[in-house]
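Q: What follows is a structure written as structure tokens; I'll ask about it next.
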Amino acid sequence: MSGRTLEVTVGGPAHGGSCVARYPEPDGRAVFVRHALPGERVRAVVTSDRGGAYCFADAVEVLEASPDRVEPPCPYAGPGRCGGCDWQHATPAAQRELKAAVIRDQFARIARQDVSTLLHGVEELPGGPLGWRTRNLYAVGRDGRVGLRKHASHEIVTVEHCPLGVPGVADPPEPPVPPRGVTGIEAARGTLPDVAVLAHRAGGNRQRRGRRPPDRVEVVTGPRRLHHHALGRDFRVAAGGFWQVHPAAVEAFAAALLAAVRPAAGERVLDLYAGAGALTAALAAAVGESGAVIGVESSRTAVADAAANLADLPQARVRHGRVTADALTDLAVGPDVVVLDPPRTGAGRDVMTALIGLGPRAIGYVACDPAALARDVAVAAEHGWRLASLRAFDAFPMTHHVECVAGLVPPGAVSAG
Ligand SMILES: C[S@@+](CC[C@H](N)C(=O)[O-])C[C@H]1O[C@@H](n2cnc3c(N)ncnc32)[C@H](O)[C@@H]1O
């Protein structure tokens, strides 16, 4: 049906920033409609149809609008335009409702769990829905044109300003001249106003699980390490390394994680996917000098940053290594608590099974993809573990992304701590 215009009434949100309609109505194929809101009657143009049970469409005309609809604050948002945001056309409160509905739906479908009594909505972070991105990757075309990509496309939309960015990150940096293999130009900043500009080049031909290999990234101007102030501490982190993008995220996630697992003085905590030590520092303060926090992190640069960031906390250490089932079994640490903050793919069955095998009294899980979290919680449930708490934060306003912080307890435990 690619290119066809359909008139449909749109239902609830799907994971990824669209709403689900049926064509023909009421029980035909699923149509994932972007730029629509639940309950709206729209004309939608099919953007991709590869046959099968579903296709994708963009709402190009709203015939009956939802009361939650607003004029997108960004001039580049809309059908066929910049694909960076998904929910510019919804009020911020409605965006959080949509994300909460997606989390509930993912747990129901994937983990067969009803989380509606645990999840009390998606919590707003301070700072408002615009001007929060401390890092933005702009695409660079072969001709040197800079912009942001259309949704699910390599096509570039020229933008002069991204309203999601903090000052210094909202305006696309100049790409090197000539661009010489540069596919992206990134602006990143920490708490201080200095901006690091990083050039991205394709990372070679090696494919892992059908994915593009990570870009080769180098700082072209500005500081090589960014300064971040969080949790009453100063962190220095490689400009291309991982740090939460929303300036209020580290404080919010660390507080939620501590509430989920309640680490006590003297306890041993295993902190998987530790990065440059943000959550490690919060956990180390909670267990005190009589306790221990052992982080595991695969990036050597992040491990070096963590060593410097945690130098005043002798109870905390981040080791270099990949989190795998074998590595966890070899650790020879009987942790009281395990926390994990994996990349979007989640921890996976083997790692979840191995860390449950370590026999902690609680697991705390920080997740940037509710589907991956639900998959890993389902594995824990097979071993009798129960989801005891679930909070969600709107750390990526205007987009479909949402961060969850979950607490899991072993069979028989009523709550963590
Ligand atoms: C979402 S970040 C979390 C970082 C840190 N907890 C924080 O709050 O800043 C995920 C981290 O996991 C690391 N990582 C990815 N895959 C890994 C693996 N298999 N083993 C260990 N670390 C991994 C990445 O380098 C990244 O630092």
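The backbone N, Cα and C atoms fix where each Cβ goes, and this holds for glycine too.
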Q: Since TrEMBL lists Tyr273, Glu297, Asp341 for S-adenosyl-L-methionine, which candidate among Gln244, Gln315 does it give for that site as well?
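A: Among Gln244, Gln315, only Gln244 appears alongside Tyr273, Glu297, Asp341 as S-adenosyl-L-methionine-binding in TrEMBL.
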Q: For the recorded S-adenosyl-L-methionine site, whose residues are Gln244, Tyr273, Glu297, Asp341, find every other residue on that chain with a C-beta no more than 8 angstroms from the centre of their C-beta atoms, and list them by sequence position.
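A: Close Cβ neighbours, site residues excluded: Phe242, Ala274, Gly275, Ala278, Leu279, Pro342, Val366.
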Q: Return the count of C-beta atoms lying within 10 angstroms of the C-beta of Cys368 (active site, nucleophile), excluding that atom itself.
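A: Taking all protein chains shown, Cys368 (active site, nucleophile) has 18 Cβ neighbours within 10 Å.
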Q: Measuring Cα to Cα, how far is Asp341 (S-adenosyl-L-methionine binding site) from Cys368 (active site, nucleophile) in Å?
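A: A Cα-Cα distance of 8 Å.
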Q: Looking at S-adenosyl-L-methionine and its recorded binding residues Gln244, Tyr273, Glu297, Asp341, figure out the farthest C-alpha pair and report it in angstrom, whole number.
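A: Those residues reach a largest Cα separation of 16 Å.
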Q: Around Tyr273 (S-adenosyl-L-methionine binding site), how many other CB atoms lie within 10 A of its CB?
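A: So the number of other Cβ atoms within 10 Å of Tyr273 (S-adenosyl-L-methionine binding site) is 22.
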